[in-house]
Amino acid sequence: MTEEHVVLLDEQDKPSGTLEKYAAHTLNTPLHLAFSCWLFNEDGQLLVTRRSLSKKAWPGVWTNSVCGHPQQGETTEEAIIRRCRFELGVEITDLTPVYPHFSYRATDPNGIVENEVCPVFAARATSVLQVNSEEVMDYQWSEFKSVWKSLLATPWAFSPWMVMQASDEQARERLLDYCQR
């Protein structure tokens with residue numbers, strides 16, 4: 001895969017340039033564009049993934065299915081499809097926004113900051129997973145309500161963005177509706 005960049009955003013969340021992804025994620029990470037996607041299988045189960053230990057931020061924590069950064073000139077939907085293929089080796093369908101205006105700032109225990117405008121989507125996996133071990137060290141298909149209970153009981157075991165997204169009542173209801181269709 002070619003070197004990835006992040007799209008930097010100004011105070012009005014408008015693109016203001018790009019920066020190499022690993023250079024962007026520091027102790028003073030600038031605001032940038034990202035995405036988060038929750039994948040469900042045909043049985044309505046949610047795919048939770050455990051981040052590889054080689055990840056710069058939040059290595060080894062459980063998180064929603066796939067996250068990433070749209071590249072300059074790429075739509076968020078195109079970026080989600082690209083990262084699903086790269087990280088999970090999976091094709092998706094029915095890509096649906098569930099929390100389009102989510103943004104957050106969080107600091108990893110090692111000091112790395114995430115500072116993202118991060119629209120959240122749900123999608124349906126349509127093929128068998130072929131996980132990229134450089135991105136994902138483990139995964140599990142689980143019932144959404146079971147994942148929600150785990151998030152409430154042990155939020156420290158999950159990425160902060162996953163906890164924040166699921167903690168938003170409207171987003172949680174949309175995810176629950178999505179998995180039940």
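Think of each number as a place in line: the chain as shown, counted from 1.
Placement of Cβ uses the backbone N, Cα and C atoms for every residue, glycine included.
As annotated by Swiss-Prot, Mn(2+) binding site applies to H25, H32, H69, E114, E116. The DSSP secondary structure for E114 (Mn(2+) binding site) is strand.
Annotated domain 'Nudix hydrolase' per Swiss-Prot: 30-164, in sequence order. Across the domain 'Nudix hydrolase' (30-164), DSSP classifies residues as 31 helix, 51 strand, 53 coil.
The active site annotation in Swiss-Prot covers C67 (among others). On its own chain, C67 (active site) has A34, F35, S36, C37, R83, C118, S159, W161 as residues at least 6 apart in sequence with a Cβ closer than 8 Å to its own Cβ.
Residues or ranges marked as Mg(2+) binding site by Swiss-Prot: E87. Taking Cβ-Cβ distances under 8 Å and a sequence separation of 6 or more, the neighbours of E87 (Mg(2+) binding site) in its chain are T49, V66, G68, V131, N132, E135, V136.
Marked as active site by Swiss-Prot on the basis of sequence analysis: E116 (among others).
On the 0 to 100 pLDDT scale, the model's mean across the domain 'Nudix hydrolase' (30-164) is 97. In the shown protein chains, 21 other C-beta atoms lie within 10 A of the C-beta of H25 (Mn(2+) binding site). Taking the mean position of the Cβ atoms of H25, H32, H69, E114, E116 as the Mn(2+) site, the remaining same-chain residues with a Cβ inside 8 Å of that point are V6, K21, A24, T29, L33, A34, N115, C118.
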